[in-house]
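Note sheet for the following structure.
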Amino acid sequence: MATAAAASTALTGATTAAPKARRRAHLLATRRALAAPIRCSAASPAMPMAPPATPLRPWGPTDPRKGADILVESLERCGVRDVFAYPGGASMEIHQALTRSPVIANHLFRHEQGEAFAASGYARSSGRVGVCIATSGPGATNLVSALADALLDSVPMVAITGQVPRRMIGTDAFQETPIVEVTRSITKHNYLVLDVDDIPRVVQEAFFLASSGRPGPVLVDIPKDIQQQMAVPVWDKPMSLPGYIARLPKPPATELLEQVLRLVGESRRPVLYVGGGCAASGEELRRFVELTGIPVTTTLMGLGNFPSDDPLSLRMLGMHGTVYANYAVDKADLLLALGVRFDDRVTGKIEAFASRAKIVHVDIDPAEIGKNKQPHVSICADVKLALQGMNALLEGSTSKKSFDFGSWNDELDQQKREFPLGYKTSNEEIQPQYAIQVLDELTKGEAIIGTGVGQHQMWAAQYYTYKRPRQWLSSAGLGAMGFGLPAAAGASVANPGVTVVDIDGDGSFLMNVQELAMIRIENLPVKVFVLNNQHLGMVVQWEDRFYKANRAHTYLGNPENESEIYPDFVTIAKGFNIPAVRVTKKNEVRAAIKKMLETPGPYLLDIIVPHQEHVLPMIPSGGAFKDMILDGDGRTVY
């Protein structure tokens with residue numbers, strides 16, 4: 001067995017001598033292969049996969065290696081093929097170890113917030129755990145918004161941070177922040193690793209926690225001296241999560257599912273209210289709708305979980321949902337709430353929401369059941385298992401249960417005809433809704449769509465056709481501006497060959513504009529679709545409606561020359577060597593979008609739209625369906 005010192009020397013020599021071209025070719029080959037499933041998951045928490053042998057690692061199974069290498073090998077054993085990591089003093093050892101990995105590719109974003117949003121986009125679009133890595137201090141704190149976002153939107157992520165050496169913890173050392181304490185309330189769980197021998201177990205637990213039950217972010221903080229310490233890893237240590245595993249939801253009882261189906265049989269006006277918790281249940285949901293004929297509305301997080309072009313789709317409900325979706329929920333006598341949390345942007349005035357309906361709430365997280373709206377029947381279970389169980393009961397029934405909701409669906413079809421989504425048109429100005437409709441038409445509704453936060457986000461939700469789960473990526477619960485570009489890039493990494501479009505606003509886009517560098521360097525085919533109104537559009541809309549149009553720092557252009565488009569995103573994009581075009585007239589839009597989609601690699605399209613446009617319909621905050629606003633814009637005095 002090699003000594004620790006000899007192994008350390010051999011390790012350093014191997015790193016400096018490793019041919020970069022060979023490793024790059026290996027990684028490219030891996031990139032083309034389908035990503036392996038996460039082994040450290042709820043389905044198979046104790047099935048570690050040994051990493052392949054490689055000359056980059058000059059040690060045998062029983063030889064010591066650095067803690068950082070144990071960490072990277074642990075990630076490999078959990079099926080990780082991509083990480084989003086930005087180096088710094090306290091994480092350098094991890095980056096050195098990554099250069100010795102034959103299978104993990106690092107995607108170098110230019111800001112830790114960008115890399116963490118990319119990990120989120122990667123996870124949202126693929127269902128796999130997204131991994132981001134940052135240094136201590138400001139590197140770690142730059143992850144905070146993305147961790148909070150992932151917790152609210154139930155995104156499986158593992159964030160790994162470097163930390164100052166153990167002996168310096170608590171001394172206010174350079175770039176020291178107590179990131180475990182900082183993130184305690186915005187992660188599902190977090191760890192401070194104080195023993196190098198704990199790394200394999202902690203990583204396995206982190207992936208299991210992130211991906212099981214209600215998914216969420218887990219943070220692992222590793223001091224630098226632990227990363228440098230030599231040790232022989234023990235890979236078969238069992239996880240130590242007895243309380244957590246015992247509380248994981250069990251398959252739903254057949255008696256409860258039969259009770260739900262009895263309620264469906266007694267109902268005349270049922271509605272399915274579907275959220276992000278159905279992302280893994282699209283097939284089961286479609287089958288349930290086929291068997292019952294119940295109309296479906298989705299939350300912002302639920303877009304794509306049921307095809308929005310299906311005749312039984314009511315599209316999105318809530319503050320900026322369709323009239324007919326909100327009408328259906330208001331008139332319903334039965335509301336089947338699947339994988340939702342009765343968020344305030346959906347319910348408005350909670351007492352008035354679905355006030356005529358019996359409510360069935362199915363969710364994997366017991367904390368969500370009864371938190372905002374008390375259900376008549378609650379099932380704490382995986383929605384996928386609940387739907388599978390109900391489908392089996394429906395398909396196996398000797399009497400072949402049949403439901404007739406024809407008159408109810410006819411009533412809703414009439415609402416669709418009377419109150420379709422719409423907007424005012426003009427000959428010259430480009431309506432943002434029109435631009436998205438053209439994008440939808442030219443991509444045939446097949447693109448993965450990422451967005452920032454604001455008016456453009458709502459228009460993208462309303463006017464693009466979402467046909468499958470994991471097609472829509474947006475910061476829903478936290479509402480974090482700057483999410484769109486890095487999330488789209490992360491989705492592009494996870495889904496090579498798939499068209500990915502970042503529908504963004506000028507305000508959101510500018511918050512992480514530096515990530516144009518990364519998509520250019522890796523030549524990711526991310527199409528940046530900026531709806532540029534020179535304002536913080538959603539805040540302007542609220543100023544128009546509720547503050548007598550008094551502008552309070554919502555203009556983002558140049559006050560000394562308001563006719564100028566400022567900043568010039570076309571010039572900025574070209575500075576990153578990304579082709580870019582600006583369009584200002586409606587008759588230019590179709591050809592410009594077609595060129596964007598046909599151009600290989602990244603592309604930016606700057607679409608100038610009027611700032612007076614409002615997102616409609618709109619239910620004011622705290623309002624009810626009866627308070628819905630259907631017309632007007634910034635050209636109107638309120």
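Think of each number as a place in line: the chain as shown, counted from 1.
Cβ from N, Cα, C; glycine included.
Feature list (source: Swiss-Prot):
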type	residues	note
BINDING	GLU112	thiamine diphosphate binding site
BINDING	ARG214, 320-341, 363-382	FAD binding site
BINDING	ASP506, ASN533	Mg(2+) binding site
COMPBIAS	1-19	compositional bias 'Low complexity'
DISULFID	CYS132-CYS278	disulfide bond
REGION	1-23	region 'Disordered'
REGION	455-535	region 'Thiamine pyrophosphate binding'
TRANSIT	1-39	transit peptide
Checklist entry - Should any of the binding-site residues ARG214, LYS331, HIS376, ASP382 have a Cα within 10 Å of the Cα of CYS278 (disulfide bond), which are they? => result ASP382
Checklist entry - Distance between ALA325 (FAD binding site) and ASN533 (Mg(2+) binding site) at the Cα atoms, whole Å? => result 29
Checklist outcome for this item: With neighbours defined as other CB atoms within 10 A, the best-packed of the binding-site residues LYS331, HIS376 is LYS331
Checklist entry - Going by C-alpha distance, which of the recorded positions GLU112, CYS132, ASP506, ASN533 is nearest to HIS376 (FAD binding site)? => result CYS132
Checklist outcome for this item: Candidates GLU112, CYS132, ARG214, GLY370 (recorded positions); nearest Cα to ASP506 (Mg(2+) binding site) turns out to be GLU112
Item to check | Neighbourhood of ASN533 (Mg(2+) binding site), C-beta criterion under 8 angstroms, separation at least six | outcome: PRO432, GLN455, GLY505, ASP506, ILE608, VAL609, PRO610, HIS611, GLU613
Item to check | Fewest other C-beta atoms within 10 angstroms, as judged across CYS278, ALA325, ILE364, which are the recorded positions | outcome: ILE364
Item to check | DSSP-derived helix, strand and coil totals, residue by residue, for the region 'Thiamine pyrophosphate binding' (455-535) | outcome: 35 helix, 16 strand, 30 coil
Next on the checklist: Quick check for you: of the binding-site residues ARG214, ALA337, ILE364, which have their Cα within 10 Å of the Cα of CYS132 (disulfide bond)?
Outcome noted: none
Checklist outcome for this item: Residues near ASP382 (FAD binding site) by Cβ (under 8 Å) yet at least 6 apart in sequence within the same chain, in sequence order, are PRO249, PRO251, ILE364
Checklist entry - Rounded to a whole number, how many Å is the Cα of GLY370 (FAD binding site) away from the Cα of the residue listed as 'thiamine diphosphate binding site'? => result 36
Item to check | Mean per-residue pLDDT computed across the region 'Thiamine pyrophosphate binding' (455-535) | outcome: 98
Checklist entry - So among the recorded positions CYS132, ALA337, who's got the most Cβ atoms within 10 Å? => result CYS132
Checklist entry - If you measure from the Cα of the residue listed as 'thiamine diphosphate binding site', which of the binding-site residues ARG214, LYS331, ALA337 is the nearest? => result ARG214
Item to check | Cβ neighbour count within 10 Å of ASP506 (Mg(2+) binding site) | outcome: 26
